[in-house]
Amino acid sequence: MKRWKTKTALGVLFCLGSAVSATTIASDAKSDGKVVPGVGNKQQTHYTQDILANPKVSENLMEKSRGVKTLQDYIVQEQELFDFLFENHPVFKYDAEGRLKGTYKVSDRGEEYLHGGDSVAYSKHSKEVNSTDGTAVRYSAYEDGQRPKALQYRLGAKSILDFPNKFVGPEKCGECHGPQYEKWRRSRHSKTIRFPGEHPEVDNDLKKPMYTTKDTSILPSGITPDAIYATVGTPRTKYGFIDAYLVRGTYHVKDGLLKDGTGTMVAGGNQFSRGWAEWLTPEMAAKINKAIPSFPLKMEDFGTSGSHQWGMSSYGAKYEKEFLFQPASSYCEMCHSFKFDFQTKEEFFAALGNPKELQKHTISKGITCEECHGAGGHLDGGIGGGMPSNCERCHQRFNFVEELAETPQGQEKLEYAFNVKMKSSCPSCGTEGSQMFASAHYDKGMRCSTCHDPHEVTDGDWKSGITKPKIIKECTDCHTAQAEIAKNTNTHSNQTCQSCHMPNMGSCENFTAIQFPDMAGFDNVRKSHMWKIDVDPLRKTLNPPEGKSRDATTKGWTVAKDENGYNYLDLMWTCARTSASDHDVTENKGCHSQFQSELEVGLHFEDQMEIYGEVQKWQKPVKDLFGQVLQGLQRIDKLLEVTQLPVDKKTEVLMLTDKAQDVIKLVEADGSWGAHGPRYTQKRLDAALTYVQQAQAIIDGNGYNAKM
């Protein structure tokens with residue numbers, strides 16, 4: 001028997017589009033006196049409703065007319081699922097019975113695609129205009145500057161709502177592509193979605209207390225393995241869950257069990273955080289609090305980011321205040337993908353609420369072969385054969401910054417306003433590509449697969465808490481001048497290029513309570529992909545809107561760009577970050593973090609100005625020497641134009657100046673002004689200066705003016 005009511009025919013909705021206007025829906029949830037669809041009421045968001053309310057919506061849906069599913073088709077596709085969930089999901093039963101603590105906020109594809117990344121502002125600024133006559137190019141039924149766009153995500157070719165699909169599963173690919181399959185199988189990509197019973201790190205006990213916590217486990221309070229479809233994540237950073245209705249777990253249950261529908265459903269307290277549970281112990285929190293008095297010390301200090309358990313954060317939620325009601329089709333599946341072998345949507349709906357049935361019909365889970373190569377890949381009958389998707393689908397999440405669009409650079413090229421998707425004050429997970437987009441490396445053609453093997457993305461044990469990707473090309477393969485200097489230094493001889501140029505900066509958890517970007521911590525578990533270090537005493541990588549508080553709760557933080565439009569790293573993140581998951585920190589005595597460093601106290605850096613002073617001790621002598629050598633070479637070059645020397649002496653002068661010029665070229669190509677190897681760089685420049693002085697002495701002692 002069907003447990004859901006079918007949606008009113010879509011054609012009827014098109015005719016009645018104006019009737020579902022966001023301002024006419026009755027609800028108790030209001031904002032500025034207006035109803036807010038989906039906030040405490042069983043309605044989809046106004047972003048989706050606006051799509052449906054457009055009188056010309058049928059002109060924008062390509063699937064029926066062209067056989068191709070485009071952005072708005074994906075958004076409309078979710079309607080029937082939401083009808084089912086509004087009628088059947090436990091959230092609404094708890095709410096109806098007064099056993100819900102916190103307000104649910106519906107989040108659908110309309111919100112995620114059209115609102116995420118401030119895509120609305122992008123749509124407004126993106127004017128499709130014919131340059132010859134000034135008229136708008138009409139390839140959609142929207143007015144110029146109003147056409148919906150998605151900036152935060154790239155759509156996958158197929159969704160969990162597409163039935164039937166042609167997915168065959170990674171094991172089928174592995175029958176012929178053994179090397180690629182084995183590499184993938186041991187990577188974290190293969191572990192992003194796991195069923196209960198697939199967790200060796202806790203002996204398959206999802207309620208086992210983790211690390212030194214009293215009772216904090218992978219699954220939150222009131223959530224049992226038999227009530228979920230899968231967990232999301234690995235021991236590297238965090239664990240979340242997807243419930244039996246394929247809805248993101250943004251809640252926990254107090255004094256009861258979700259599977260029984262007992263107790264009280266509470267917003268947040270839903271995501272296990274390894275960094276908090278294992279490293280950020282009460283003792284470490286107290287240590288940080290001494291230096292940063294506003295750092296959370298007690299459970300209540302974590303505010304809406306925290307919960308009732310040490311190590312269990314609130315993600316996609318504000319503890320006891322509000323939480324997203326968000327199906328996996330709206331969010332999770334974009335990057336933490338899975339697919340079913342159901343042949344019809346009726347089979348799919350009949351299985352919702354029954355996790356065992358959903359698991360039985362799962363044909364693919366994790367970032368599998370077919371997510372990039374297409375369903376069925378190159379096989380006869382498949383729809384792949386090329387690369388329907390790539391890394392950037394999940395790793396190039398942008399955020400549109402309107403202020404940047406209004407700059408001269410943004411007026412010339414609108415993509416200048418494409419900034420990095422943020423989680424509060426830190427770059428979000430999945431922004432490696434959007435960080436790289438604003439870099440000289442990207443402009444030169446570097447892409448993810450330049451350095452990474454997409455099949456083997458994890459180096460070492462996937463159960464480790466350290467972020468260490470597998471690399472197929474090292475920085476020094478291209479940066480030979482830097483390699484030459486770095487191999488001759490003792491200062492950072494055990495460090496890699498990434499130690500300074502790719503600090504852990506990104507947030508997976510949006511753990512706002514522990515984000516202190518000016519102190520380069522502490523919710524930073526993903527490596528940055530900016531590379532360029534800005535040696536400046538004041539300029540910061542991460543900034544709120546001008547004139548606003550630098551508190552992490554301030555809205556609108558962005559990644560700074562330099563005069564060339566490139567992102568850059570400030571000295572605090574480069575030298576003194578604090579990160580328990582950054583192997584370049586943990587394997588090198590904590591670098592210069594005042595909270596992790598094992599170096600002498602004088603090398604524990606507390607602020608950017610202090611670091612700048614230390615760097616200047618390296619760079620100033622190098623720059624001074626460089627200037628002397630360059631000036632000497634220029635003087636000799638001019639003298640040789642007017643001075644005649646014996647052949648043997650001229651040869652000697654030219655050989656000496658060539659050797660000095662080689663040093664100049666090396667230092668210029670290196671570009672660090674001694675930071676990569678201060679003693680060695682200064683030693684080479686000392687030698688170059690000697691060459692110049694010797695050449696000058698030869699001219700002074702043997703030459704005469706050719707014009708005399």
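From the backbone N, Cα and C atoms, a Cβ is placed for every residue, glycine too.
H378 (heme c 1 binding site) carries neither a helix nor a strand DSSP state and counts as coil. Shown in sequence order, G384, G385 are the residues of the chain, 6+ apart in sequence, with a C-beta less than 8 angstroms from the C-beta of H378 (heme c 1 binding site). Under the heading heme c 1 binding site, Swiss-Prot lists C173, C176, H177, H378, citing similarity to another entry as support.
For H189, C391, C394, H395, the entry in Swiss-Prot reads heme c 4 binding site. The Cβ of C394 (heme c 4 binding site) lies under 8 Å from the Cβ of R154, M334, C335, I367, G430, each of these being in the same chain and 6 or more residues away along the sequence.
Around R397 (substrate binding site), taking its Cβ as the centre, 27 other Cβ atoms fall within 10 Å, counting all chains. Per Swiss-Prot, the feature substrate binding site maps to K238, Y315, R397; the stated evidence is similarity to another entry.
The heme c 2 binding site annotation in Swiss-Prot covers C332, C335, H336 and is backed by similarity to another entry. Residue density at H336 (heme c 2 binding site): 21 other Cβ atoms are found within 10 A of its Cβ, drawing on all protein chains shown. For the recorded site, H336 (heme c 2 binding site), the DSSP three-state label reads coil.
Marked as heme c 3 binding site by Swiss-Prot on the basis of similarity to another entry: C369, C372, H373, H455. The 10 Å shell around the Cβ of H373 (heme c 3 binding site) contains 21 further Cβ atoms across the protein chains shown.
Residues or ranges marked as Cu(+) binding site in Swiss-Prot (evidence: similarity to another entry): C429, C508. Cβ contacts within 10 Å of C508 (Cu(+) binding site), excluding its own Cβ and spanning all protein chains shown: 24.
What Swiss-Prot lists as heme c 6 binding site is H441, C475, C478, H479, and the listing cites similarity to another entry. For C478 (heme c 6 binding site), applying a Cβ distance below 8 Å and a minimum sequence separation of six or more within one chain yields no residues.
The C-beta environment of C451 (heme c 5 binding site), restricted to residues of the same chain at least 6 apart in sequence and closer than 8 Å, consists of I471, I472, K473. Annotation source Swiss-Prot lists heme c 5 binding site at C448, C451, H452, H529, citing similarity to another entry.
The heme c 8 binding site annotation in Swiss-Prot covers H492, C575, C591, H592 and is backed by similarity to another entry. C591 (heme c 8 binding site): 28 other CB atoms within 10 A of its CB, across all protein chains. Secondary structure at C591 (heme c 8 binding site), as computed by DSSP, is coil.
Marked as heme c 7 binding site by Swiss-Prot on the basis of similarity to another entry: C497, C500, H501, H676. Within the same chain, residues at least 6 positions away in sequence whose Cβ sits under 8 Å from that of H676 (heme c 7 binding site) are Q482, I485, A486, T489, D670.
Under the heading signal peptide, Swiss-Prot lists 1-22.
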**Asked** Cα within 10 Å of H189 (heme c 4 binding site): which of the binding-site residues H177, H336, H373, C575, H592 qualify?
**Response** H336
**Request:** By CA-CA distance, flag whichever of K238, C372, C391, H529, C591 among the binding-site residues is nearest to H177 (heme c 1 binding site).
**Result:** C372
**Item:** Longest CA-CA distance among C497, C500, H501, H676, per record bound to heme c 7, angstrom
**Value:** 11
**Item:** Number of Cβ atoms other than its own within 10 Å, given for C369 (heme c 3 binding site)
**Value:** 24
**Asked** Under a three-state reduction of DSSP output, how is H441 (heme c 6 binding site) classified: helix, strand, or coil?
**Response** helix
**DSSP three-state assignment for C497 (heme c 7 binding site)** = helix
**Fill in**
Spacing of the two Cα atoms, C369 (heme c 3 binding site) and H492 (heme c 8 binding site), in whole angstrom, works out to 39
